[in-house]
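Just below is one structure, and these are the notes that go with it.
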Amino acid sequence: EVEEPKTKISASTAEASSSRISSAKMTADGTIKLGDQSPLKQSEKDHPVSWDFKLVQSLRNEYADERYISRSAMLDQEMNVVNLLELIDNLQRLGLSYHFEDKIRSILSGIYNTIKMRNPEGLYATALEFRLRRQHGFYVPQEIFESFKDENGDFNHSLCEDLKGLLYLYEASYLEKENESNLEMAREFTAKHLKKILKEKRIDQELEALVQHALELPLHWRMMRLEARWFIDIYEARSDRNPILLELAKLDFNIVQAIHQNDLECTLRWWSSTGLAEKLSFARDIMVENFFWTVGTISDPQHGNARRLLTKVAALVTAIDDVYDQYGTEDELELFTSVVERWDVNSIDQLPDYMKICFLALFNFVNEMAYDALKEEGVNIIPYLRKAWADLCKAYLQEAKWFFSGHIPTLQQYLNNAWTSISAPLVVVHAYFCVDYPINKDHVEYLEKCHKIIRCSSMIIRLANDLGTSPESEVLKSADVPKSIQCYVKETGACEEKAREYLRFLIIEAWKQMNEAQTVDSPFSSTFKGFAVNVARMGQCMYQHGDGHAHQNSEPRDRILSLLFEPISSFA
């Protein structure tokens, strides 16, 4: 039972507290090299925590108050559906669509007509319908855009006069599946002309912000909770805003933020109880960042238990990653991997002290999660969780072996291991047992075969990680575990920029397969499939401006503050 916090603070106090938090510094040292330049994993330098946990636990805003929740329900009743497609789009971007999931699906299921009937509505409406229906798993053929081409099969240049339509076609193109040349052409055509229009300043201020935002990262790739915070400000400045919808969005954001703060407080108490921060002084102590990851993957308020469990998973992954990446010797790592694989608590006396507490923390967490599943669902999930952790540790061990030997694998060898070592498959397996009820053994076996949506999600986050954590000009000199850029450069002889370009191409290809996997029938719930997609989105988000997970530059910190600690200001 979560104890009711004794301290509530206003938005202004939260802002002041947040500025104190943001002044904290964090360093994350990689591999150390001695004077002889031999690789050394043992690190005696502690990692200072990146957030003041006592201050974090005191943060509250008044929007957890019951009267705001009641007001939110009242606003729901007052809403009028005027333009269905635009309303659905606004609900999604404002972070409100989870209130109306069944209604939205019913609407999208009912509005589809033949291609010829939709085309007269113009590029904007056609692109919007295409994007929304594909997002929700409905079949929509790429040929819906054929009528917007000229006799040569190219998109009509007259479309450039419809800036909003051009923008929405650009966003729709990122719902592309494999072998959809129309959408690939659409993406290239729209990106080229939107950049030109921006450069020539032939655009109004309201649309300019949307275009710049989309060109930086398309909507389909964005973390939706963060997008909601950004879009609320954009929507408020619009002349056609719906004041009821705007107020509901602000209230809902603040209410959900208060719920998230409560979840964070619970996980901070758990983390403190493990003692890992004190015993593993070499490891990163980044619970707030771990929680931010989880919020990005499953933010809806009703999934609090899943958020808390998955944040614990992320914390254990971070600690074990640092054992392999920063501290353990090769012999120690082989021994730890063996103990995890055998799941043998009686063997921990063979481990050094820092590994004993690490394994016991993992062992206790998995058994506790499995106990709850057995009690509530009657299913023993320990074998599945054991396998997921063993697979992760074996992938970490392979990377450590490459490091100690100085070996740089081929790109394919690297990726075959790295899509597991990024930890996404492990997180997704745990998520299944948090969000898909009742647990079905046949579904779990299907999950164990690594359904395409899981592999694609993992590959996207791995490639985004490698692009973000490999600073330009430093990547080829790194003494760390080789990343995909080094592997590609060594294998092909290409320059670093060509390697980055190829990785960006692989990300687009993985998204195509992900889009396909979302529309194919599978035994998984829409919530679970959405989680897998959101894992990929978090990869794009966290590594968009470098390594937002490990190094606290201003952009990731500002995002965390706005999402977790700063309520939206009071209404006029």
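Even glycines carry a Cβ here, placed using N, Cα and C.
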Candidates Arg269, Arg284, Arg504, the one Swiss-Prot lists with Asp321, Asp325, Arg462, Asn465 as binding (2E)-geranyl diphosphate: Arg284
Among Asp321, Asp325 [binding-site residues], residue with fewest other Cβ within 10 Å: Asp321
Cα-to-Cα gap, Arg462 ((2E)-geranyl diphosphate binding site) vs Thr469 (Mg(2+) 3 binding site), nearest whole Å: 10
Cα-Cα distance linking Thr469 (Mg(2+) 3 binding site) and Arg284 ((2E)-geranyl diphosphate binding site), given in Å to the nearest integer: 16
Between Asp325 ((2E)-geranyl diphosphate binding site) and Thr469 (Mg(2+) 3 binding site), the C-alpha gap once rounded to whole angstrom: 14
Number of other Cβ atoms within 10 Å of the Cβ of Asn465 ((2E)-geranyl diphosphate binding site) across all protein chains: 22
Collapsed DSSP category at Arg462 ((2E)-geranyl diphosphate binding site): helix
